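Visitor: From TrEMBL, for reference:
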DISULFID  Cys54-Cys81  disulfide bond
DOMAIN    21-83  domain 'Sushi'
SIGNAL    1-20  signal peptide
Amino acid sequence: MAASFLLLLTSVGLFLSAQAQDCSRPVGGDDMDLKGDDILLQTFPEGIKVTFACNVGYQSVGGSASITCTAAAWSPLRMTCERKSCGAIGDVPNGQVDYSEGIQFGDKLTVTCDPG
């Protein structure tokens, strides 16, 4: 009887340790977030593959956007995002443009009217 009970406990322990483990919400970076319906979830089942997308004003410059949950841990996120270039606004009639902050998303420019 004791041997049967010990065998049962061992079997239950093996079963519990073999169960899949969920992952918590993955963190991408300040310039990206989860894509699609995954953005609404807080926990993710083992084996699920999720995809990140760059935020508005940013673009992917390489690396895989997808990661996979395995044994309660996420695979490494390889995607990197960088700010998009807005380009110059061109010539301003009777004025000057100061691009001292740059021409990328989030930068500010100053337009000054010519005297007169």
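From the backbone N, Cα and C atoms, a Cβ is placed for every residue, glycine too.
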Visitor: So if I measure Cβ to Cβ from Cys54 (disulfide bond) and keep only same-chain residues at least 6 apart in sequence, which ones fall under 8 Å?
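Guide: Long-range Cβ contacts: Asp31, Met32, Ser60, Met79, Cys81.
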Visitor: Mean pLDDT over the domain 'Sushi' (21-83): what is the value?
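Guide: PLDDT averaged over the stretch: 96.
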Visitor: When you measure from the Cβ of Cys81 (disulfide bond), how many other Cβ atoms are you left with inside 10 Å?
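Guide: Its Cβ shell of radius 10 Å holds 22 other Cβ atoms.
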